[in-house]
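Novice: Questions regarding the structure given below will be posed in turn.
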Amino acid sequence: MGNYKSRPSLSCADEFKKRISECYSLVRSRLCDDVNPRWDEKNPLFQACFLGSVEEFILSLDQLNSVDEKIGLKDLSLLHLVSVGIGENQAKKIELLLAKCEDDAKRLSLFRQRTPNNFTVLHCAIYKGDPTVVETLLKGGADVNNFIENAPSPLHLAAMCGNPSVIDLLHRHGADLHSKDLVQFTPLHCAVYFGQEKAVKALLHLGADPNFCGGVQDRPLHVASGKANLNIVKLLISAGADLSLADDEGNTPLHFASSTGQAAILAALLAEVKDKQQAVLKTTIYGDTPLHVACYHGKLEAAKMLLPLGGSAILKLENVFHETILQAACTSGKSLELVAFLLRQPGIDPNHQSQDGHTALHSACYHGHLRIVQYLLDNQADQSLTAKAIEQSGTENKNTVASAMMALGRLDCGASSESGRFSNSEEGQPSQQTPILWAYEKGHDQIVALLKYYANKRPESDVCSEYSSGDSSYTPLPSPMGRLRSITKEKTEILQLRTELDSSLHLSLVDIEIKGEIGQGSFGKVYKGVYKGKSVAVKRYRALAFGSKSEVDIFCREVNILCHLNHPNVIAFVGACLDDPSQFAIITEFVAAGSLYKLLHKEKRVLNIKVKLGVGIDVAKGMRYLHEVASRAVIHRDLNSHNILLHSNGRAVIADFGESRFISEDAEENMTKQPGNLRWMAPEVFTQCCQYDEKVDVFSYALVIWEIHSAELPFGQLKPAAAAAEMAYKKSRPPLPSEPTSQFPGHIIKVIEDGWNPNPNLRPTFTQILQELAPFTPTDEERKFVCKYEDDGSTDEGEFSDLDDFDLEMPKSVSTLKSQFEQLNHGKPKAVSPLVGIYKPNGVVEKLRQQLDNNGYVSQAARSIQAAKSATQLRDSIVLSREAKVAQRQTAFKEHDHHSTGNFTSKNTSESEA
């Protein structure tokens with residue numbers, strides 16, 4: 001399949017645009033937070049600054065001790081608060097506040113003050129958008145070229161907001177029109193990117209260069225063409241933008257305009273080009289012409305405009321991935337009309353084979369475009385033609401950037417070292433691969449069935465001999481593995497896994513007694529079960545999830561990794577169910593106490609320092625085994641508190657290997673994707689700026705240790721993506737004390753600070769971490785804790801064997817209950833509280849245990865039941881007391897009547913008593 005499967009899903013330009021969008025979204029979010037302070041109704045000074053009259057503000061200033069004071073719920077300076085206020089005379093208030101400063105140094109210190117999100121007062125005023133306030137600040141001494149790390153300059157911010165008045169003010173006070181921001185954009189780039197037409201006009205009028213390049217040699221015209229903004233494109237062209245300039249990937253404005261398919265923009269650009277054919281035939285580092293780009297994006301109108309200009313030379317022109325324009329359209333699959341249009345052109349052959357032998361039908365089959373496959377088959381596409389794996393020559397792809405992108409793309413396309421087995425049936429022999437094999441490899445079963453149907457429909461075709469006839473579910477495919485005969489409804493990965501997995505690990509759900517659901521996720525659900533008398537966890541995958549190859553990959557990868565692992569601090573693998581897609585499941589040991597995340601953040605457990613140290617050391621031992629000791633080293637890539645499980649004896653195990661990879665040379669080359677939970681993600685993974693290695697697990701480990709000792713989520717006030725961005729771009733870290741404390745001992749602080757070092761090369765290995773923690777290893781007795789357990793007759797290692805030995809920092813009332821049933825267990829006849837005394841001696845311990853919820857406290861339900869019982873007893877005692885008093889009075893009356901002769905009631909009373 002050659003280069004074809006190495007094509008990256010996103011180009012460098014696409015990745016760069018994505019990063020720009022993320023950076024500026026973060027800037028907007030933080031600025032919005034700063035310019036909208038929480039209302040503080042109890043603070044008169046806050047009200048006077050934010051919306052009060054000038055007179056109220058003057059009165060507040062007279063009572064002020066220092067102009068440096070910070071007020072409000074967000075600790076904003078007075079100058080910040082006035083600048084973002086909504087009163088009518090905020091500019092006048094700024095003048096009064098600056099006048100109160102004793103000297104220039106005091107005034108400049110006010111301008112240097114930052115908000116909690118690190119913005120100056122000028123940034124906040126520009127984002128608020130009041131030109132009079134901005135002008136007052138500039139006259140007062142605000143620095144117009146004040147650059148803040150990870151924040152745009154004031155002029156960039158004004159361009160983003162599209163305020164031409166503010167842009168003019170900033171330029172008059174010395175703002176640099178060609179300064180670059182955190183993503184190497186000039187203010188003109190910024191205005192173009194955010195579609196601020198007025199700002200573009202203002203900047204061009206002030207002298208901004210329309211050909212000034214950004215960080216990847218991209219010009220404002222490139223950005224405008226990619227954003228499909230016709231008016232801005234015309235403004236830039238009229239200002240002298242050069243249409244022939246290309247960015248680092250070789251993209252011209254025509255390439256970007258072709259990706260959007262805007263005919264008006266293409267017409268405007270082509271009108272300025274002298275040699276139109278040369279412009280249309282110009283290629284990127286990937287060999288893509290603008291017509292290729294239009295086809296990859298499914299833009300029919302753009303293709304109709306470009307095709308006549310390219311001439312016959314463009315019809316069979318291949319890019320570095322060996323794709324013509326027809327194959328590009330079939331790869332995209334976004335427009336059946338575009339494919340039909342291309343097939344109608346003279347000179348286009350539906351069976352054209354590229355250098356690697358693949359045809360348009362191969363492309364459509366590989367990407368699962370069913371309608372296009374059928375259309376090609378109806379238009380004489382030959383499915384007997386074969387592609388072959390070709391070796392890259394030293395001269396075939398000279399561009400290093402393109403080579404790197406192809407290498408990175410192999411992992412996304414499933415053509416990494418793990419799937420490299422598809423390229424050769426046997427070592428040294430070329431693989432002859434038909435379209436049906438490509439569809440089969442990607443799991444597109446409907447296309448496989450369609451190809452079989454068309455093959456069986458044409459008995460005269462050569463392809464007929466390769467397939468079975470009729471509706472048989474078995475099809476002898478020309479497999480590159482050389483030996484496998486596969487079933488069309490199943491995936492190659494499953495077949496290989498069945499072959500490689502030891503027979504003792506092949507399980508059936510029929511042999512497992514399912515007890516109940518204990519969790520669920522996007523993959524399916526997790527159940528507790530019993531297998532051969534022992535508790536197990538059953539991770540069942542939804543059958544529907546196997547419609548996509550990614551789910552199959554995750555399942556197969558996790559099973560493949562788990563079956564190679566054996567360590568006390570790694571989840572024990574029991575087996576897997578592989579027989580039926582509707583029964584796919586992974587069976588592991590059952591871990592009674594659940595995840596560390598649940599204990600810390602849902603149950604709010606207060607673990608003592610010995611338990612915390614024990615968990616940290618266990619996780620480090622497990623990770624050292626994965627990185628350094630296992631027969632095939634593993635990088636976890638998703639280490640967080642969700643995936644750390646605790647046994648009832650305090651032993652921690654590492655779980656969930658769905659995102660993990662074996663560490664090998666080929667895998668390292670492609671280690672650029674962004675897996676795992678964002679909140680615990682290492683900066684180099686989040687930014688995707690470089691290849692990464694096992695040190696990403698060390699970073700995640702440091703965050704987990706901080707989480708254990710603080711009992712808080714890292715950056716819990718932020719969403720996961722914002723937390724990851726905070727750590728990656730601002731190099732922020734969760735707070736640590738400056739000196740050792742009981743919560744954060746000195747050795748823990750050192751491990752955390754070394755572990756989350758921004759430079760991966762300076763992070764320690766887990767062997768070094770264990771050397772640091774070894775002197776503080778707790779004993780087995782010191783690290784036990786209480787956890788909820790429901791007996792189902794199964795056995796679990798260490799589960800609740802000695803409840804009286806568990807150690808947990810608990811409220812006094814729970815400790816009292818604990819001591820009471822300890823005494824009863826040991827048969828010591830000591831005095832106990834009345835609460836225990838109301839129970840019978842038999843089963844007292846079990847009844848008291850039933851009152852304890854999974855947090856270690858008396859449950860609300862138990863309290864309610866006890867309260868109801870007490871109320872019932874009180875009511876019964878009152879009723880009995882009342883009846884006793886009534887009976888006493890009646891007795892007194894009877895005695896009195898008995899001594900009264902002639903009383904007509906005496907006879908009746910005697911009868912009643914009888």
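Counting begins at 1 with the first residue displayed.
Cβ atoms here come from the backbone N, Cα and C positions, even for glycine.
Residues or ranges marked as ATP binding site by TrEMBL: Lys539. Taken from TrEMBL, the feature compositional bias 'Basic and acidic residues' applies to 889-900. The compositional bias 'Polar residues' annotation in TrEMBL covers 901-914. Annotated domain 'Protein kinase' per TrEMBL: 512-777, in sequence order. Residues or ranges marked as region 'Disordered' by TrEMBL: 889-914. The feature repeat 'ANK' is assigned by TrEMBL to 117-145, 150-182, 183-215, 216-248, 249-270, 286-318, 356-388.
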Novice: Per DSSP, what is the helix/strand/coil residue tally across the repeat 'ANK' (183-215)?
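Specialist: Taking each residue of the repeat 'ANK' (183-215) in turn, the totals are 17 helix, 0 strand, 16 coil.
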Novice: Same chain only, please: residues at least 6 beyond the ends of the repeat 'ANK' (150-182) with a C-beta under 8 Å from a C-beta of the stretch. Say none if there are none.
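Specialist: Distant contacts of the repeat 'ANK' (150-182): 23-24, 27, 31, 118-119, 122-123, 126-127, 129, 131, 134-135, 138, 144, 188, 190-191, 194, 196-199, 201-203, 206-209, 212, 214-215, 729-730.
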Novice: Same chain only, please: residues at least 6 beyond the ends of the repeat 'ANK' (216-248) with a C-beta under 8 Å from a C-beta of the stretch. Say none if there are none.
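Specialist: Contacts with the repeat 'ANK' (216-248): 12-13, 16-17, 184, 186, 188-189, 192-193, 195, 197, 200-201, 204, 210, 254, 256-257, 259-260, 262, 264-265, 268-269, 272-273, 279, 282, 284, 401.
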Novice: Please list, in sequence order, the residues in the chain of Lys539 (ATP binding site) that are at least six apart in sequence and whose C-beta is under 8 Å away from its C-beta.
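Specialist: Those within reach of Lys539 (ATP binding site), by Cβ under 8 Å and sequence separation of 6 or more, are Phe523, Gly524, Lys525, Val526, Ala585, Ile586, Ile587, Thr588.
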Novice: Most CB pairs under 8 Å with the repeat 'ANK' (249-270): which of 117-145, 286-318, 356-388?
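Specialist: By the under-8 Å Cβ criterion, the repeat 'ANK' (249-270) pairs most with 286-318.
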Novice: Using a Cβ-Cβ cut-off of under 8 Å, list the residues of the same chain that are 6+ residues beyond the ends of the repeat 'ANK' (117-145) and lie near it.
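Specialist: For the repeat 'ANK' (117-145), the far contacts come to 30-35, 77, 79-80, 83-84, 90-91, 94-95, 98, 104, 107-108, 110-111, 151, 153-155, 157-158, 161, 163, 165-166, 169-170, 173-176, 179, 730.
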Novice: Can you tell me how the residues of the repeat 'ANK' (117-145) break down into helix, strand and coil by DSSP?
Specialist: 18 helix, 0 strand, 11 coil
Novice: Per DSSP, what is the residue tally for the repeat 'ANK' (216-248) in helix, strand and coil?
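Specialist: With helix first, then strand, then coil, the repeat 'ANK' (216-248) has 17 helix, 0 strand, 16 coil.
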